[in-house]
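These come from TrEMBL:
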- B:7-38: transmembrane segment (TRANSMEM)
- B:60-79: transmembrane segment (TRANSMEM)
- B:91-108: transmembrane segment (TRANSMEM)
- B:128-146: transmembrane segment (TRANSMEM)
Amino acid sequence: MISRRILIIAGIVLILFLGMYTWNQRTRALDTLASTVGLEVTGAVLASMRAVQDGVTAFWNRYFDLVNVREENEHLKARLKEMDAKILAVREAQEELKRLRALVQLPLDESWRSFAARVLSGRMGPNAALDSVTINRGYATGARPGTPLVTQQGLVGRVFRASPHTATALLVTDPASRIAVFTQQGRALGILFGQGAGKTLEVNFVRRDAKITRGEILITAGLDGKFPKGIPVGLVVNVSPSDYTQFISIEAKPIVDLQNLEEVLLLEATGLAHSVTEPDDPPPIFVGPPAPHAAAP
Amino acid sequence: MNFVRNLVWWLFFIATAVCMQTLAPSLDVFVVGIFILLQERDYKNMFWLLPLFVLLQEGMGTRLFGGVIVWYAAVIIFFKIGQWLFEVKNFLFVFLLSSCLIAPYYAINWLMALLQNLAFSPRDTLDRALIQALFLPFAWISFALTRHLTMQADGSGQQ
């Protein structure tokens with residue numbers, strides 16, 4: 001009698017759970033609630049923890065860890081002078097690039113703007129099945145689902161789930177990640193697949209006659225509009241022609257060190273379309289870049 | 001006073017658990033809270049803490065809502081089965097219970113990956129289940145000790 005009652009209760013609970021599960025899969029109502037409450041609380045706790053950690057580290061660095069500071073300071077001053085000189089050179093090159101772009105009518109890509117976010121933690125909790133990181137920006141502060149994440153080295157991933165002030169981002173190494181990429185030199189198009197944390201990436205659907213060398217950089221193709229074009233994603237480590245398909249098999253490693261991420265940049269679409277149409281007017285006659293300011297009368 | 005101490009301890013537990021979960025991927029520290037609630041038969045606090053634990057875990061995770069409910073249901077069922085056979089407030093019981101929880105941890109991960117069409121790595125899942133099983137008894141000792149000290153500090157601890 002008791003066992004029958006237990007079975008009936010277990011059956012009812014199972015039906016209720018499956019009902020809730022399918023209803024949530026359709027409406028995502030519980031996922032939204034969990035993201036808003038759970039992720040927000042987690043973000044608040046972790047942000048406080050990081051603030052305390054920063055405070056303690058700064059205190060330690062400022063007052064206790066002063067060994068070799070004088071030598072380091074002198075070395076850094078020398079480096080600063082060197083960097084100032086390099087910045088001047090780069091600024092000149094940048095100005096030249098602007099002028100050349102204007103000459104060939106290539107508009108600057110203003111369709112994305114970037115802002116910084118801090119990585120609060122890696123994958124957290126028993127429900128974290130995907131290879132992901134938690135960042136300190138949410139949909140109210142620019143990290144809407146789908147927003148690309150980059151560092152100065154290259155692509156990190158995209159925002160997967162967001163609460164108002166905290167978000168979870170899917171990394172390029174996750175097996176659910178798919179990104180259209182080009183090889184930088186050969187311009188061969190392929191689809192980049194993640195294979196899990198700490199594993200290499202795989203590029204599929206690259207035509208057999210494509211010329212790809214080891215060490216070549218893979219960049220985002222930007223064809224889907226989800227990622228800006230030209231961001232480095234991976235480095236080719238192995239190329240092998242497949243005997244069974246019409247494609248070649250490429251292995252790559254992520255260009256960004258995803259195990260030690262601290263800060264990332266979020267790229268938000270500005271809504272300004274990147275011009276791809278043919279210009280109405282004929283291109284201007286090439287007359288060379290204008291003379292540098294110093295040389296101008 | 002005891003109510004305030006209890007509330008403060010649980011808030012401390014939640015904050016510490018969130019921070020500790022950053023140490024290893026897929027680690028669940030909130031299970032220790034469920035152990036403590038069940039050991040103390042504190043169903044009044046369980047009424048609000050359990051949904052909060054579920055919301056926190058589901059919120060910081062990346063799977064669809066539901067997996068954590070099944071996982072915590074398994075924890076409670078295994079605890080109740082163990083309760084018939086053992087004294088629940090000792091290290092050996094917690095160690096045995098966490099070892100037994102390897103099986104539901106693995107099964108739930110496999111089931112959820114299957115239901116949500118996610119990649120499933122048997123070896124990674126087993127590693128995580130073992131880390132969880134090794135971590136739980138020591139985390140339980142630490143938290144139980146702080147709870148004992150907090151609740152007994154003014155001689156009016158929870159019985």
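Every residue gets a Cβ built from N, Cα and C, even glycine.
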Contact set, same chain, for the transmembrane segment (B:60-79): CB under 8 Å, 6 or more residues outside the stretch: 18, 21, 28, 31, 34-35, 38, 50, 53-54, 88, 97, 100-101, 104-105, 108-109, 111-112, 116, 118
Long-range neighbours of the transmembrane segment (B:91-108), counting only residues six or more past its ends (CB under 8 A): 31, 35, 67, 70-71, 74-75, 78-79, 82, 125-126, 128-130, 132-134, 136-137, 140-141
Beyond the flanks of the transmembrane segment (B:128-146) by 6 or more, those residues with Cβ under 8 Å of it: 9, 12-13, 16, 20, 24-29, 31-33, 35-36, 91, 94-95, 97-99, 101-102, 105-106, 109
